[in-house]
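Below is one structure, written out as structure tokens; comments come after it.
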């Protein structure tokens, strides 16, 4: 399982064969070892205002900064593990999985594969939910503008999940999807656009005449806003939401693999990580705190679709269209490793199976020849349908994001980077550094577990009032 994963996929899909030099493309499109350079993309501020409302003015920013510090620290450890056996020289590792295999090997490689696959599947489900909510929000925004803010404007998520799934089924059949470099640019533009719009609307709301909302140092108030048990569970779930916002460790190796040496990739990556994490944290703090100041303890789960904003409706529409476009592309990028793994495994197991291996050339006017593979078409379609069905069964934005964040943050952002650092540097067992690194690892494990428990409890509570396949106004 592990070796095939390495051959056919990474957290962000990339081509593994050194075609750059063979095709005479020159040095500008290849790394120093002849492999094609690759681009990556990446999402996650929509729930931070809600998370801040649960945690308050003190714990909210503190937890955001703690996650940023841990993420930066472990990213520096990961940067040193890119080459094996040493950080400055040695064999390149082109994916997170290959890094784990080189430094740890054995069963831990399979554990890493399970963690990555689970994370990727969870993300594609979460993106289906989020994109459908944003599509629905456009319709509701226009309804509120025409009918008034007190109108019900009840709209179902499900038609938009179907639309999203149909789009993904079509996009999943595109060959060499990873070579569409414009996708990264488009996704980045869309991400910045909706985040800045949300931040701008929050600032305008705070600065508006007569604005007054209830906030506190500890967030939602027990007995007023929530019950005692709700306070505990929501605080834990909000930690999972913050973890989801910071769970980008698995793309760092792929980003590092775009760098050329000299200078050494690990040194460049450490500087880039510092700037990136600092900028991201600043943006998260602004969105979270200003969003909390705008909405108070009643902050919606998604601050662009929960309708704390009604006007200007056209600007809200633009923001939600940007979210949908971003997630349409991001879904494909995150599911490419899954496609590659399954197709590679099946090709290896049944090398003579014509259904799996045969290609059928179809001439499409204005597009050229398309190589149709029936197995690829069938299996990718089934995958998209399954993720859409799961999203329909559990269309709960905050709880799902919190669960994904809690489940992926510890193993991929904390555990493996620390374990690989210990193995690479040959840190003696029970030495001072070995002990404090393991204390950090175990502390993060506990945080991830309690965040997962809080998210599961939130999911359970949502299911109690949830009516399947009926319109839901709660976003």
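Cβ atoms are placed via backbone N, Cα and C, with glycine included.
Among the features that TrEMBL reports, domain 'Amino acid transporter transmembrane' is placed at 39-459.
For 16-35, the entry in TrEMBL reads region 'Disordered'.
Among residues of the same chain six or more beyond the transmembrane segment (45-70), those with a C-beta under 8 A of the stretch's C-beta atoms are 130, 195, 198, 202, 215-220, 231, 234-235, 237-239, 241-246, 277-278, 280-281, 283-285, 287-289, 291-292, 294-305, 323, 397-398, 401, 413-414, 440, 444. Taken from TrEMBL, the feature transmembrane segment covers 45-70 (among others).
Residues or ranges marked as transmembrane segment in TrEMBL: 114-134 (among others).
Here TrEMBL flags 155-174 (among others) as transmembrane segment.
Here the transmembrane segment (180-204) has long-range neighbours at 39-43, 45-46, 49, 174, 283, 286-287, 290-291, 293-295, 303-304, 309, 315-316, 318-320, 322-323, 325-326, 329-330, 332-333, meaning same-chain residues at least 6 beyond its ends whose C-beta is under 8 angstroms from one of its own. According to TrEMBL, the feature transmembrane segment maps to 180-204 (among others).
Marked as transmembrane segment by TrEMBL: 274-294 (among others). Remote same-chain residues near the transmembrane segment (274-294) are listed as 45, 48-49, 51-53, 57, 60-61, 64-65, 68, 71-72, 75, 195, 198-199, 201-203, 205-206, 211, 213, 215, 245-246, 303, 308 (criterion: CB distance under 8 Å, separation of at least six residues from the stretch ends).
Sequence annotations record features per position, and here TrEMBL assigns transmembrane segment to 314-335 (among others).
If you look up TrEMBL, you'll see 377-397 (among others) marked as transmembrane segment.
Among the features that TrEMBL reports, transmembrane segment is placed at 434-456 (among others).
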Remote residues contacting the transmembrane segment (155-174) - C-beta distance under 8 A, at least 6 residues beyond either end: 128-129, 131-133, 135-136, 139-140, 143, 180, 324, 328, 331-332, 335, 339, 376-377, 380-381, 383-385, 387-388, 391-392, 395, 469-472
Surrounding residues of the transmembrane segment (114-134) on its own chain - C-beta under 8 Å, 6+ positions past either end: 5, 11, 43, 46, 96-97, 157-158, 160-161, 163-165, 247, 250, 302, 304-305, 320-321, 323-324, 327-328, 330-331, 334-335, 337-338, 341, 387-388, 390-391, 394-397, 400-401, 403-404, 407-408, 411-412, 475
